[in-house]
Amino acid sequence: MKIEQLQCYLVAGPQDYPELSLTEFIVKIEVLMQSGITAYQFRDKGTHYQNCEERLDLVLKLQSLAKKWQVLFIINDDVDLAQQIHADGLHVGQGDQIQAALKVPQAVPMVIGLSVSNASELAASQDSGADYLGIGPIFATQSKTDAAPALGLAKLAEILPQNHLPIVGIGGITESVLSDLAELGLNGVAIISMLTRSDNPTEAVQKIREAWRGI
Ligand code: TZP
Ligand code: MG
């Protein structure tokens, strides 16, 4: 993984477009890929599928679009799926399959991302074997019901110097905070709603890429 591939990191699954069919969902994700997102994490909550085959079919279609647009393709929380399809990476939370992901030798090496939500998790993750961290929520978010309390910019600035891994911010990120986040030293932002709810997704991607230009 190149660190620049973390700059504009979309996180999304069918639940983030509740009104759309799976076919329409794929179109939305391809527009974001074509617009210049650098990484895409498939994070689903099991809604919208009739069976496992339908889920696998969806993931394979998204993976081939990610290849076409040269977007890093990451699976959230499902080690078996990530290995089965040879995803570029796997993202896990503190309570997820972290042992399996980080400690078991992988048949095919993958980028491993790990979520941290406070100073102690950030410190403990430095030697975890993770390739990058996602820190947040930085701000209040509507997109994750069980999210930890928001860190805020001041706390983020205070704890970031103890980090030595590639790192993205997540949670409640909107256009107005992008330059602050870039200046604090984050390598990028992981985003659901600013990208999935935008009326102009291409412009939203450009604003994110612009904030990291020249950093
Ligand atoms: N993990 C921490 S906050 C969050 C996740 C998956 C949700 C981010 O979504 P949004 O809409 O960008 O706040
Ligand atoms: Mg999780």
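Glycine residues also receive a Cβ, built from the backbone N, Cα and C atoms like all the rest.
Here the structure is a predicted model, which means the values were calculated and not measured.
Neighbour density for PHE42 (4-amino-2-methyl-5-(diphosphooxymethyl)pyrimidine binding site): within 10 A of its CB lie 27 other CB atoms from the protein chains shown. Annotated 4-amino-2-methyl-5-(diphosphooxymethyl)pyrimidine binding site per TrEMBL: GLN41, PHE42, ARG43, ASP44, LYS45, ASN76, SER115, LYS144, in sequence order.
DSSP assigns ASP77 (Mg(2+) binding site) to coil in the three-state reduction, placing it in neither a helix nor a strand. TrEMBL lists ASP77, ASP96 with the feature Mg(2+) binding site.
Under the heading domain 'Thiamine phosphate synthase/TenI', TrEMBL lists 8-194. When pLDDT is averaged over the domain 'Thiamine phosphate synthase/TenI' (8-194), the result is 93.
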Candidate with sparsest Cβ neighbourhood (10 Å radius) among ARG43, LYS144, the listed binding-site residues: LYS144
Length of the line joining the Cα atoms of ASP77 (Mg(2+) binding site) and SER115 (4-amino-2-methyl-5-(diphosphooxymethyl)pyrimidine binding site), in Å: 11
Whole-number Å value of the largest CA-CA distance among GLN41, PHE42, ARG43, ASP44, LYS45, ASN76, SER115, LYS144, listed as 4-amino-2-methyl-5-(diphosphooxymethyl)pyrimidine-binding: 17
Of GLN41, ASP44, LYS45, ASN76, ASP77, LYS144, binding-site residues neighbouring ligand 1, Cβ under 6 A: LYS144
Candidates near ligand 2 among the binding-site residues ARG43, ASP77, SER115, judged by a Cβ under 6 angstroms: ASP77
